[in-house]
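Undergrad: The following block contains the structure, expressed as structure tokens.
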Amino acid sequence: MTEPKIDRRQLLKLEAAAIAAAAAGMPTVARAANLVTEREATELKWDKAACRFCGTGCSVMVATKDNRVVATHGDIKAEVNRGLNCVKGYFLSKIMYGHDRLTHPMLRKTGGQYDKNGEFTPVSWDEAFDVMALKFKDALKKRGPSGVGMFGSGQWTIWEGYAASKLFKAGFRTNNIDPNARHCMASAVAGMMRTFGIDEPAGCYDDIEATDAFVLWGSNMAEMHPILWTRVTDRRLSAPHVKVAVLSTFEHRSFDLADVGMVFKPQTDLYILNAIANHIISTGRVNKDFVSAHTVFKKGQTDIGYGLRPEHPLQKKATGAAKANDATDISFDEYAKFVSDYTLEKAADMSGVPLNRLQALAELYADPKTKVVSFWTMGFNQHTRGVWCNNLVYNIHLLTGKIAEAGNSPFSLTGQPSACGTAREVGTFSHRLPADMVVTNKEHRTKAEHIWQLPEGTIPDKPGYHAVLQSRMLKDGLLNAYWVQVNNNLQAGPNANEETYPGFRNPDNFIVVSDAYPSVTALAADLILPTAMWVEKEGAYGNAERRTQFWHQLVSAPGEARSDLWQLMEFSKRFKIEDVWPEELIAKKPDVRGKTLFDVLYKNGQVDKFPLDQIEPGYANDESKAFGFYVHKGLFEEYASFGRGHGHDLAPFEAYHKERGLRWPVVDGKETRWRFREGSDPYVKAGTGVQFYGFPDGKARIFALPYEPPAESPDKDYPFWLSTGRVVEHWHSGTMTRRVPELYKAFPEAVCFMHPDDAQEANLRRGDEVKVASRRGFIRARVETRGRDKPPRGLVFVPWFDESKLINKVTLDATDPISLQTDYKKCAVRIERV
């Protein structure tokens, strides 16, 4: 190395460093020494990628050096985050480098042989897949297609979810595949489909800068979507007329910005929503022209139960459970009469929210001069009537015509980076196919079979086991070979003690978990497969505003870790068609005889038609190199053919590597910001102004839906409500964020947030250890009475990121009967001193 020379500019830098270091109490020699280094030693390669965390869809710039991610920063060219990152985003460079990163397949063994009660032992990929294939074939032989299943993720890349759905629905001929988005977004999907006949929001993030009012329903955006919250905050503080209303069952950081803050009793949001609709009607503020031209009215089925096991008393007495999604036609007058019982005065009594605040909230919606954006997340969706909540907030926007235009938008925010792009759009749910198609519709199945080049009748016509039902079927021994990818359901799933863990350890079952780290779920499995993360593979995510984003592989995965996509496709080689399809199906397409599932599904002349030389020069692509063709482009273009031409259009593959994402539908190279509005959405017919084209009549549905009580409420034995959720420092189960030292130290363990008066009454002090116990289980946690979250009396809040405090041992596995999404926000507990 040549002797470093210091010029005048560098000398000034050194002097400045010395002054700054002295002020901070830092040793100046070490600080200054880092400023003079050869250029070659500091050169970094920068590239764009979508953030690995929430559904906001921030773009980040990623720096790599020596095959390692060494830095990240917010992408200043990105429309979504405009150069900003949240606290988690700032530490993205560290998520892949935890000390316990998995690098080899691990199989439970005793004496060199697989043993469900054995110790995890490193094995080769060949041995791992050989044992796994044997167990899947045994399950198929024993129970047919219903004996195998998969639990996937809203963190799958688009092509991973597509390949997985294809493998199970077409290859194994089972719809027993579901994403963990069932726990977070299923009610939003069902709400959109019921109201509009098509999924995903009408608006986009640009609404933030155009609106006059924000209403947050069960959404702590300040912590869960902090980058969007910065945009909301900027709009509120820079435009004095703008108002912010926040509704929640406890006070949180989003209340700091609220002009109208409302803490309501759990489940009474249903009552408040109907009361607002009644206020709009009774004060004469219905947009009659809009309602007449663009809506019809429906009365929904009532008494629909709580998605519990059929033998549960609540299910037995639910008269409408078997037809939960049904609805009948009614008139506007009948709807108006229905909601007339829901007055703001009654809503105040029911909810505990002061009447003047409910009136202020209702006026934001009713005033025709006020543009309104409604945001919601898990407070609505993780709800035994979550679909109804979605429908009811759409009612309000439709009654006033405040929809599908800049600043007027009902908007469900997503929690995972590709809950929209992969779970919803690809259709990895147990009842869905790509582009809003469903397995119960013969025309949809026929189209999928045509695109996938399958014989008629390949795809089953009944929905498979959804997330909660998968756990029940595993426990009952009816689902015997099970593959989990990119989620931690033993920590995340409800009622884990009684319904989830027993199925994992059922001796009749073989459980495979693909993960980058030894999560709670991985450690309960029989086989662990080490997985490539984030920029260790080429990827694509779709965010909450319909924005699809791509990134290149930037570094290699450690050891023998492989991507979920590689695992899915490589595993498919272990099955001949004769292993999985009946003879009568094979006879319809004799040319598949003797071929593997890999040949039929992925080497089918479509997925494999793009050669390796189409990969952009300068980037690695481990999966494509392994299979001999550009896998990602082939899968994407085949998948995109489902949606092009009917409102789900995606741009050509290459466009996404050039852009910071595009919002679909993308027609003739132009993205769509506001759907259903003439002049913005290319699918709206000229002269209609607004067209909700998800339904043949072009009209949205306004639903009459009542208040119904929760599945479980506090009583003398369990006197507190329990609500669970997240904190800004950690993401979901903490598998990644708890391995980042700075984030771990910032919030090292979950606590039980409690009202000070409740604590005092129980003779508890801040920091005391307590049991949080329900009828299903308990955890131990320390009491927090002065934290950021401030529950009202009678409610406690416990985050679920901490694997040492598995709060989902306590929660109830009740679901919305329509969406089958779990309610993590309402169950009854008691608090006991340890």
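Placed from the backbone N, Cα and C atoms, the Cβ positions cover glycine too.
Keep in mind that this is a model prediction, so the values were computed, not measured.
For Cys51, Cys54, Cys58, Cys86, the entry in Swiss-Prot reads [4Fe-4S] cluster binding site. Sequence annotations record features per position, and here Swiss-Prot assigns Mo-bis(molybdopterin guanine dinucleotide) binding site to Lys88, Gln155, Asn180, Cys184, 217-224, 248-252, 267-269, Met378, Gln382, Asn488, 514-515, Lys537, Asp564, 724-733, Asn808, Lys825 based on sequence analysis. The substrate binding site feature in Swiss-Prot is assigned to Trp800. If you look up Swiss-Prot, you'll see 44-100 marked as domain '4Fe-4S Mo/W bis-MGD-type'. What Swiss-Prot records for 1-32 is signal peptide, and it gives sequence analysis as the kind of evidence.
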Undergrad: Give me the Cα-Cα distance between His732 (Mo-bis(molybdopterin guanine dinucleotide) binding site) and Trp800 (substrate binding site), rounded to a whole Å.
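TA: On Cα coordinates alone, these residues lie 7 Å apart.
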Undergrad: When you average the Cβ positions of Cys51, Cys54, Cys58, Cys86 for the [4Fe-4S] cluster site, which other residues in that chain have a Cβ within 8 Å of that mean position?
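TA: The answer, listed by sequence position, is Phe53, Thr56, Gly57, Asn81, Asn85, Lys88, Gly89, Pro226, Ile227.
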Undergrad: By a simple count of other Cβ atoms within 10 Å, which of Cys58, Met378, the binding-site residues in the record, is least packed?
TA: Met378
Undergrad: I want to verify one value. Collapsing DSSP to three states, which class is Met378 (Mo-bis(molybdopterin guanine dinucleotide) binding site)?
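TA: In three-state terms, Met378 (Mo-bis(molybdopterin guanine dinucleotide) binding site) counts as helix.
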Undergrad: Within 10 Å of the Cβ of Trp800 (substrate binding site), how many other Cβ atoms can you find? Include all protein chains, please.
TA: 23
Undergrad: Roughly how many Å lie between the Cα atoms of Glu223 (Mo-bis(molybdopterin guanine dinucleotide) binding site) and Cys51 ([4Fe-4S] cluster binding site), rounded to a whole value?
TA: 16
Undergrad: Measure from the CA atom of Val727 (Mo-bis(molybdopterin guanine dinucleotide) binding site) to the CA atom of Cys86 ([4Fe-4S] cluster binding site) and give the result in Å, rounded to a whole number.
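TA: Rounded to a whole number, the Cα-Cα distance is 12 Å.
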Undergrad: Report the DSSP secondary-structure composition of the domain '4Fe-4S Mo/W bis-MGD-type' (44-100) as helix, strand and coil residue counts.
TA: 6 helix, 18 strand, 33 coil
Undergrad: Average the per-residue pLDDT over the domain '4Fe-4S Mo/W bis-MGD-type' (44-100) and send me the rounded value.
TA: 98
Undergrad: Out of Cys51, Val727, give me whichever of these binding-site residues has the highest number of other Cβ atoms within 10 Å.
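TA: Answer by Cβ density within 10 Å: Cys51.
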Undergrad: May I ask you to report the DSSP-based helix, strand or coil state of Trp800 (substrate binding site)?
TA: coil
Undergrad: What's the number of neighbouring CB atoms sitting within 10 A of the CB on Lys88 (Mo-bis(molybdopterin guanine dinucleotide) binding site)?
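TA: Taking every protein chain into account, the count is 22.
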Undergrad: Between the binding-site residues Lys537, His732, whose Cβ has more other Cβ atoms within 10 Å than any of the rest?
TA: Lys537
Undergrad: Quick one: Cα separation, Gly218 (Mo-bis(molybdopterin guanine dinucleotide) binding site) versus Cys54 ([4Fe-4S] cluster binding site), in Å?
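TA: It is 17 Å, counting Cα to Cα.
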